[in-house]
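In what follows, a structure is listed as structure tokens, so that the remarks can point back to it.
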Amino acid sequence: MEKNLPDIFFFPNCVNVFSYKYSQDEFSNMSKTERDSFSLAVFPVIKHRWHNAHVVKHKGIYKVSTEARGKKVSPPSLGKPAHINLTAKQYIYSEHTISFECYSFLKCITNTEINSFDEYILRGLLEAGNSLQIFSNSVGKRTDTIGVLGNKYPFSKIPLASLTPKAQREIFSAWISHRPVVLTGGTGVGKTSQVPKLLLWFNYLFGGFSTLDKITDFHERPVILSLPRIALVRLHSNTILKSLGFKVLDGSPISLRYGSIPEELINKQPKKYGIVFSTHKLSLTKLFSYGTLIIDEVHEHDQIGDIIIAVARKHHTKIDSMFLMTATLEDDRERLKVFLPNPAFIHIPGDTLFKISEVFIHNKINPSSRMAYIEEEKRNLVTAIQMYTPPDGSSGIVFVASVAQCHEYKSYLEKRLPYDMYIIHGKVLDIDEILEKVYSSPNVSIIISTPYLESSVTIRNVTHIYDMGRVFVPAPFGGSQEFISKSMRDQRKGRVGRVNPGTYVYFYDLSYMKSIQRIDSEFLHNYILYANKFNLTLPEDLFIIPTNLDILWRTKEYIDSFDISTETWNKLLSNYYMKMIEYAKLYVLSPILAEELDNFERTGELTSIVQEAILSLNLRIKILNFKHKDDDTYIHFCKILFGVYNGTNATIYYHRPLTGYMNMISDTIFVPVDNN
């Protein structure tokens, strides 16, 4: 469906597009093309104003029940009006008078083609659209947006590239085409903060109709923005809620979905056309109940995110529109061209609002000498922060590879620098509180973070990035630090330059950067289980295909050996994380154990009941050797004795030397086996 977005339906960015009500005199002076633009108003008017409406007679005038109160009456016969009263907005016949809107209400019946609308119908649609506040113009003021979506406060002023008229037209054409859309743009153009809002607007106006060429029945479904982490769900939903002029969730078009969501974050009066901010896990549980699917941070290749892409592609007829958003297609463009059916690629040009300066700090040690390289890096970091210091009241972000390094670098910096130090990563629960301290402090704040802060979170007062250029890539029973890819570098650099000019200080040679194929270092059971649930053909229906298919097939055989029915697996998938697939054997035993185990997976709280249950699974590891690392850490070289990776070597750190065997509780907790 090729359809351009008329100017009158632009989303009000409150910069050069404002909410606007058109007069009948303005309509009279318009060209035919401009007048015809109002024909598309029939779709939002049918959904949001005329649904369940009827004809009434009010003071002798036929009107729609949404215009005035009155007794329900049979509609009059309609021919060409004898006279038009532009002031009263009425068509006058010899025997009756009818409002412009009521005339249109009676004429706009199912299967009527919109290009058949005459001037009389269009005038009524203009009035109905004015009442809904769905029109816009290049002149106006912010306060005109109050009430557009039931909001008590005006929309935010947004100068970002994604809400320019040009970008709005391009995004609308792609959305209405029902083709899968891959949307890229420089960090800071408003992909995460504005494009979902724009798609919400299009969904509010036109979502649920099979075509915009004629009037049909509609099936209204919300938009969903699927995100890899709960913190992102909370942050982005709050940003868009405020920018749409709301202060509370109830009654707004914004809803949140994630596990163990608190009562105060549940929208008890959601809108059918609204937007749901959800974790990937919960997006999959009701994927086909949404009309427009937006998957953000595609470049991260979050496992469940990649599975959603595979499922949506396999069942694309069940979704009206799919948007994949990423800062860069450095690693994925060719795969997406082949994988998606006839995709549309949209790039929103633009850069951060403010200039970003780059500074390279050379590390004279070769990274193959890991410990010496890191020690030199820490010394360089102190020097760099002293030379390139955020102003008072501002902050800098230090990107390191892992949670352990966050604590290591924070401890090192605190002894040498007089600034406020904070740690933020995916397991930190009080991020909002930390950010409030950062924003309210008159001092310099230094935030040490994992790659967690790469993703879309805009810290308002950050002026400096100090990038170590590494990421920890988890692998079954271990993992390794790798140098980042170009897309990760772009994300980190783009954390500054949004609110103020910024400085990006990097401590790694650019030649070290490389693409990271995450699926080759992941447990693969989710791919198997969701493939079974959604009838995916393996491996060809996967977005990213593992290099070693033997592991995929061994995983399938291992899952089959559990003797758990497909129906039960589907229930487990919908309700539990199952970070270790063996936990499934415990989840099916009893509801009480399932509740405690689920709490352990979510919070890390390990009760004796859960520990004993996991120990009963006999997830045994043989200790081959060990060596002393430092005062309270010993490195143990081990062999896995269970599951898909039986026989695989693993390295495990423990606070004292061990021999014999240990049992695995989780990917980070191990219990020595008593040799007596």
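The backbone N, Cα and C atoms fix where each Cβ goes, and this holds for glycine too.
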Task: Among ranges 68-71, 296-299, 476-479, whichever one Swiss-Prot labels motif 'DEXH box' - done: 296-299
Open item on the list: DSSP on the motif 'DEXH box' (296-299): how many residues come out helix, how many strand, how many coil?
Closed with: 2 helix, 0 strand, 2 coil
Task: Helix, strand or coil at G185 (ATP binding site) [DSSP, three-state] - done: strand
Task: For G190 (ATP binding site), the number of other Cβ atoms found within 10 Å of its own Cβ - done: 22
Open item on the list: Test of understanding: give the count of other CB atoms lying within 10 angstroms of the CB of V189 (ATP binding site).
Closed with: 27
